[in-house]
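Per Swiss-Prot, transit peptide is recorded for 1-68, and the stated evidence type is sequence analysis. The feature transmembrane segment is assigned by Swiss-Prot to 182-202, 209-229, 238-258, 267-287, 289-309, 326-346, 352-372, 399-419.
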Amino acid sequence: MALFPLHHEVPCKGEVLFDSNGLRRFSSGLKHRTMAEATTLGRDCRMKSYMKSIPYCRSPRRRLCLVRASSENKITKQRLKLLDSYFGKLQNDDEKPSISTGDDIDRKAELNVNEELDSLSAYLDKLQKDAKSKGLVSSTLDVVKSEGGSVASKLRKTGIENNNSPFQQFDDEDQAEDTLNFYAVSILASINVGVCLFEAAAPVRNNNMGLLSLPLLYGAKINDLILAGEWWRLVTPMFLHSGIPHVALSSWALLTFGPKVCRDYGLFTFCLIYILGGVSGNFMSFLHTADPTVGGTGPAFALIGAWLVDQNQNKEMIKSNEYEDLFQKAIIMTGFGLILSHFGPIDDWTNLGALIAGIVYGFFTCPVLQLGSGGSERQEGIVTVGPEKQNSADPCKSFLLFTIFVAVIVTSLLLIGDGPLDFPTYDDVVYSLI
């Protein structure tokens with residue numbers, strides 16, 4: 001039986017290795033090769049013991065073959081040891097990438113957090129520089145970088161999340177201002193209701209005018225008495241009403257449009273609009289009719305006119321649904337005013353004159369809202385929505401325009417002197433349009 005050596009291509013140290021996919025295929029084939037070599041080694045050992053029992057095999061040539069076979073067996077064992085060490089090293093290398101990958105992810109996440117904190121710190125520093133009003137920034141805006149810290153914990157250190165933040169201050173100021181405005185409007189509505197109750201409680205009979213009340217007797221718009229020097233009759237009719245429906249309509253309009261106008265124009269300008277609307281409406285009634293009238297709804301129409309101007313100039317900053325709701329209420333109030341004018345001493349010229357006065361006066365005093373930063377320069381008559389916002393018109397400008405309007409009315413009254421002019425009546429104007 002002849003002997004022959006088995007040669008296998010086994011990767012040794014220093015040789016080129018396969019990739020991961022090729023390595024799996026190589027390892028599966030290597031098992032079969034290893035089993036074949038083990039079978040060959042067993043067969044060689046049996047053959048070696050058999051050869052010792054045969055005298056012929058003790059010749060030098062046969063001994064050389066046995067030495068060669070034993071040397072090849074040693075080489076095979078060495079290669080198997082190299083394979084074992086290689087597979088052990090390969091297994092360790094497979095576990096290391098997951099650890100290194102996790103470390104890389106942690107480093108990237110930490111770098112991203114640090115970059116976000118840097119950008120946030122720069123933004124807060126810019127806000128701090130732009131803030132000019134006192135008490136706008138509650139605390140020093142500094143972001144401390146530390147390992148394992150989160151953005152939320154660092155923001156808590158800046159003082160933004162506490163109750164003294166700039167946005168919280170703005171909300172508190174707006175709420176306090178709205179409360180003050182509502183109180184002012186409620187006081188005016190209470191005065192109207194109180195005067196109406198006093199009218200019902202103090203009836204007076206006059207020979208020329210019939211049954212009147214004490215407030216109507218001394219405060220209604222009567223042209224002859226105005227020309228005689230009782231100029232206050234251009235002011236007092238704005239607080240007089242012809243009955244419960246009239247005062248209810250006036251109070252409802254005042255409580256609906258009053259807070260809006262008061263918030264947009266300011267409390268001082270709101271009061272000037274209210275007074276100017278009443279005076280202008282009574283003056284318009286003085287020019288067009290000689291009948292005694294009251295004008296309690298005149299100031300309400302002046303507020304509607306000022307509100308319309310504000311909605312037109314700031315339409316991009318106002319919600320459409322709120323505008324539509326109030327516009328419908330304005331139409332309803334106008335319709336009820338026209339109906340009530342046929343059931344009492346209410347002159348439609350009073351409402352029309354007050355509406356025109358509110359529109360004209362509001363056009364010159366209405367603040368224009370625009371978005372901008374706190375560091376920008378504030379222009380005259382423009383409200384900046386931001387850290388330096390101003391929720392009212394310029395009081396000096398409003399008072400100056402109010403003085404001009406009153407001066408024009410007084411001058412016109414002095415120039416007329418002989419009583420109302422020969423203007424067409426309100427019904428004539430309506431019928432001519434139809």
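Glycine residues also receive a Cβ, built from the backbone N, Cα and C atoms like all the rest.
Since the structure is predicted, the reported quantities are computational estimates derived from the model, not experimental observations.
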Among 238-258, 267-287, 289-309, 399-419, which stretch has the highest count of C-beta pairs below 8 Å with the transmembrane segment (352-372)? 289-309
Under an 8 Å Cβ to Cβ limit, what residues of the same chain, 6 or more beyond the ends of the transmembrane segment (399-419), are close to it? 223-224, 226-227, 231, 234, 268, 272, 275-276, 279-280, 283, 286-287, 290, 357, 361, 364-365
Please indicate, using numbers and ranges, the residues of the same chain that are 6 or more beyond the transmembrane segment (238-258) and have a C-beta under 8 Å from a C-beta there. 181, 184-186, 188-189, 191-193, 195-196, 199, 215-216, 219-220, 270, 274-275, 277-279, 281-282, 294-301, 303-304, 307, 326, 329-330, 333, 336-337, 340, 343-346
